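Before any comments, here is the structure.
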Amino acid sequence: MEPVDPNREPWNHPGSQPKTACTNCYCKKCCYHCQVCFLQKGLGISYGRKKRRQRRSAPPGSKTHQDLIPKQPLSQTQRKPTGPEESKKEVESKAEPDRFD
């Protein structure tokens, strides 16, 4: 290993920058090319600005999924009003007395 020159900046030390440029390839060799390639390609971490993906618009002749649903009124669910007396009676009738006493 070469000795580090104290007069040089850290980014100019030998071995701090790879001899070849970074590529867009995602093979194993290119993923371990340098620290930046490892973070971006190997781990999938990038700190740059994210590009906004545009949604693909539907072709003009196609119908949206909302047009296919027929308009129907929502039905109200009917519930039987049960009071506390009814539920207690049902529980008492279903329960058996303890035979182990």
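From the backbone N, Cα and C atoms, a Cβ is placed for every residue, glycine too.
Neighbours of C22 (Zn(2+) 1 binding site), defined as other CB atoms within 10 A of its CB across all chains, total 13. DSSP classifies C22 (Zn(2+) 1 binding site) as coil under the three-state reduction. Annotation comment: Swiss-Prot describes C22, H33, C34, C37 as Zn(2+) 1 binding site.
The compositional bias 'Basic and acidic residues' annotation in Swiss-Prot covers 82-101.
Positions annotated as ubiquitin cross-link by Swiss-Prot: K71.
The Cβ of R52 (asymmetric dimethylarginine) has 5 neighbouring Cβ atoms from other residues within 10 Å, across all protein chains displayed. For R52 (among others), the entry in Swiss-Prot reads asymmetric dimethylarginine.
For R53 (among others), the entry in Swiss-Prot reads asymmetric dimethylarginine. Other C-beta atoms found within 10 angstroms of the C-beta of R53 (asymmetric dimethylarginine) number 6, with every protein chain shown included.
The annotation region 'Interaction with human CREBBP' is assigned in Swiss-Prot to 1-24 on the grounds of sequence analysis.
Marked as region 'Core' by Swiss-Prot: 38-48. Long-range contacts of the region 'Core' (38-48) within the same chain, counting only residues at least 6 positions beyond its ends with a Cβ under 8 Å from a Cβ of the stretch, are 26, 30-32.
Per Swiss-Prot, region 'Disordered' is recorded for 48-101.
As annotated by Swiss-Prot, region 'Interaction with the host capping enzyme RNGTT' applies to 49-86, with the evidence given as sequence analysis.
According to Swiss-Prot, the feature site 'Essential for Tat translocation through the endosomal membrane' maps to W11, an assignment based on sequence analysis.
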Whole-number answer please: how many Å between the C-alpha atoms of C37 (Zn(2+) 1 binding site) and R52 (asymmetric dimethylarginine)? 22
R53 (asymmetric dimethylarginine): which of the binding-site residues C22, H33, C34 is the nearest Cα neighbour? C22
